[in-house]
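Have a look at the structure below before the remarks.
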Amino acid sequence: MVLFHSQASCSKRIEADAIILPFWKLKDKVKCAASIAKEYESLYQVALDNFSAKSREVELIYSCGQGKEKRIVLLGLGKNEELSSQEVLEAYAKATRLLRKAKCTTVNVVLPTISELRISIEDFLTNLTSGILSLNYNYPKYTKESSNDPLLTKVNVLGIVPKIADRIFRKEENIFEGVYLTRDLVNGNADEVTPQKLANIAKGMAKEFPSMDVKILNKDAILKEKMGLLAAVAKGSAVDPCFIVLTYQGKPKSKDHTVLIGKGVTFDSGGLDLKPGKAMLTMKEDMAGAATVLGILSGIAALELPVNVTAIVPATENAIDAAAYKMGDVYTGMSGLSVEIGSTDAEGRLILADAITYALKYCNPTRIIDFATLTGAMVVSLGEDVAGFFSNNDVLAQDLSEASAETSEALWRLPLVEKYNKALHSDIADMKNIGSNRAGAITAALFLKRFLEDQPVAWAHLDIAGTAYREKDEDLYPKYASGFGVRCLIYYIEKFLSK
């Protein structure tokens, strides 16, 4: 993907469907933030009666044949002294949605006068690029004729030296290839995005990037490894499970190794503990954790980061037939720990448990970070805009929080309340797979933590149940799959581990 281009001169810009002009909100007036303002002043001056330039405000007007663009987007950046990275991100995302609805495919973007910016030009460009890329995506609709708005095909950023801008553009484009991969997988039909499909995606990535290797465990290999929890969840499906291990070695001589684990339930019926029909409608997205870790590896491989990262994906359906695993039964995982099934709809933690054990046995991890659409309790707690996370390591938690703030992908650390472990007590097994009807996100995290078995490895669990999928178009995300977490984790890996 090469969408963005840069040009130092505004006067030599190419013709385009539209131009984006930035504006500051002053005390008693509106001021165009770009030096090119005079060329269009007679046109936009009339529109300023209804345009206050408050942060994220957008207005579309026509150029009436004046200049090299057919339309002009007035983009409000608010008060200069209050400008934040997130406001830049959301403002250009909003402008992108407006342009696409107007059927524009090419756009010239005029930067504010650099000396007036309160954030660095690198920060401004990064968030401008991310904002546009986030909404330059189409959900794969299955209608006979496409009803999607056209995508932007060329974005020409004016008033910046290419040497500075192009590096940022290529980096963000590579990251968003990973975001789009995540979205495509989550949005795909469950009958198409099967465990084997995820395995094939991983194989394709290993072929594309020389620094990657892949290992796929089929059903027989899963049983041979005694992954009794993953095997139990898979019993009710006509589709065989897969266990995917995709390794990126960007620094082979280093012993530092990050393992990312993604829940890969490609469709979750709830099993014999059947979900209500309405709750099942979005359950093709229950593999968003798997899609996220594959998207992250795509991004770090494209950026050629000097790190060692392995993505592990336990992939299966949670379906129903006569052989489906049953409530009240006990199954033993790869760790040797036994689990009484209190609910067949608490399957995600079971397959993650075997993945954690595999990582500890074979990967020698420095840290493990898992991603899962794990609990409805997290959605109730934090909604769609914030993902809750748990960690046994304060440094890891702080670094993830910083990455969250820098990328505007909100994470909130929640407590691992050891007292709540008693909710997982079983009289006949080492534990149950579900607690009481309270603190469900915490007890799910405590369940996973048990499978670390006190080994000295840093661990974080990200419950993305609320953030992975959107019911409607939002400021930064299109409807349906969001790709949440890919940008945050790539930032974390690049800043804190690429040394």
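One-based numbering along the chain as shown.
The backbone N, Cα and C atoms fix where each Cβ goes, and this holds for glycine too.
According to Swiss-Prot, the residue from D268, D399, D427 that belongs to the Mn(2+) 1 site alongside D345, E347 is D268. Binding site for Mn(2+) 2 per Swiss-Prot: K263, D268, E347, plus D286 from the candidate set D240, D286, D329. Note: the CA-CA distance between D286 (Mn(2+) 2 binding site) and D345 (Mn(2+) 1 binding site) rounds to 12 Å. Here the C-alpha separation of D268 (Mn(2+) 2 binding site) and R349 (active site) works out to 13 Å. In this structure the alpha carbons, written CA, of K263 (Mn(2+) 2 binding site) and R349 (active site) are 8 Å apart.
Comparing the recorded positions K263, K275, R349 on other C-beta atoms within 10 angstroms of each C-beta gives the minimum for K275. In this structure, D268 (Mn(2+) 2 binding site) is part of a beta strand by DSSP.
DSSP assigns E347 (Mn(2+) 2 binding site) to coil, not to a helix or a strand. In sequence order, the recorded positions near K275 (active site) (Cα within 10 Å of its Cα) are D345, drawn from D345, E347, R349. There are 29 other CB atoms within 10 A of the CB of E347 (Mn(2+) 2 binding site), with all protein chains counted.
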